[in-house]
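The structure appears right after this line, and notes come after that.
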Amino acid sequence: MNINNIPQLSIKNNHLHMDGRDIVEIAGHYGTPLYIGSEQRIEDNVREVQQAFQKYHANTTVHYAAKAETSLATLEIVHMAGGSLEVNSGGELYKGMRAGFAGKNIIFNGVAKTEKEIESAIVNEIKAINVDSPFELERIVETAMACKKQANVLLRIVPDVASGVAKGVETGTHECKFGTMLEDVPAMLHYAKEHEKWVCVRGFHFHIGTQTYHLTSFLESLQVLLEFAANIYKEMQFLPEIIDIGGGLPIPYFIDATASQYMQPSIYQMLRGVLTTDEIAEAVAGKLHAYDGIFKDCELLLEPGRKIVGDAFVMVSRVENKKYRRAMNENWIMLDAGLNVMSEVKNYHWYFPMVCANKITEPHMYPVKIAGPLCESGDVWMDYDGHKDLPDFRMMPESVTVGDYIAMLETGAYGTSMMSRYNGRPMAGVIIIRKDGSLFMAKKPETYEDLLTGEFSIAE
Ligand SMILES: Cc1ncc(COP(=O)(O)O)c(C=O)c1O
């Protein structure tokens, strides 16, 4: 039996397994909280996106968004699977190159790139720096002059289309901080032409947000970009070589519909994420091939993060305390993993399916409230603000108790990469199950000694 339709998850001996390995055993061995990932699933996801889009538009390149899960091993797996890379900082660029990506396979995004970051992008001859503003274009030209090397760029435009996803993860409207308004783009193209020795505009880019679950949001944004580009082509004879539609491919987060009764319909819809990659690919390619075919030879770029790693990892934690709140008639369990391990829950009111990994065949029908260990009222796995974005109760086996392992599924995206040491808690380790079934420590579970890294004593 698969869990949540994720092929690498299965059940054996009442335990959750990933790629045939016992999650409970791995957690017992390495300690919790712990992220456990599947090399096979990451590889399959890269290939699935590539193949889905290449079926409809052969000249498609998938640039994995490194920020979703930035472990060196994950970057290496994406590289070995034939993926390219999207980075958002000099640090991610550094790690990407350490993982084996060549500059020509890297795209660099960001709203506040430093001169040093721009310089390293230019020196490493990356495929494109996605320019965020007219000012930044000038900064890139000046840096290119100093480096005596031409910079490749895409212009990030604001399509002003809402993705319909929770506020805080929308990135394609005028309210957000990202990109350049269309009306500024012609002047940027003129400026680039005047400085063509130092800058080559290779095309246009947008990214409207994560977990974009309406096909219309992708299509409306693309329509804005293509209509604009078609006009620019007419007026300035500038034809983009690359059209980069960003990331945001959604994944389904639900085991079943029980959570729907506790959640706002729009949030529930968003987290169901039923839109398939194939549907998006077919519709996007259809649009790209319209417009009298002027864009049919363009390279189509995607920057998926969540879709590549989201369902490839589980996060396992252990129940460390329990209580019954008589006044509220509520049962609570307290885990060793809180928002220090998975800050997306607090930041974006995200929902992750949870199962009791060591009692997985027992009926999960007993409502409990679940909290993390931090000295923070908001460190709970439910909607603390009372907006009903998240379910208040999670369904667990009636026997759930201290010492049980709770696995949170589909925690591969924006989990490990947003961990912190808040409350003096060492960061969780990351174990990857290799394709041959062996376990690889991608990131060692931290110790108390790691809490002192880079700190100095004034007493000694
Ligand atoms: C510019 C850009 N590209 C790609 C992504 C990846 O998005 P996702 O993980 O939803 O695919 C992000 C994430 O926010 C982004 O900001």
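The chain as shown is numbered from 1 upward.
Including glycine, each Cβ sits where the backbone N, Cα and C put it.
Quick look at what TrEMBL annotates:
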- CYS375: active site, proton donor (ACT_SITE)
- 45-309: domain 'Orn/DAP/Arg decarboxylase 2 N-terminal' (DOMAIN)
- LYS67: N6-(pyridoxal phosphate)lysine (MOD_RES)
| message | Quick check on the recorded positions: of LYS67, CYS375, whose CB has the lowest count of neighbouring CB atoms inside 10 Å? | response | CYS375
| field | Distance from the residue listed as 'active site, proton donor' back to the residue listed as 'N6-(pyridoxal phosphate)lysine', taken between C-alpha atoms, in Å | value | 27
| request: Average the per-residue pLDDT over the domain 'Orn/DAP/Arg decarboxylase 2 N-terminal' (45-309) and send me the rounded value. | output: 93
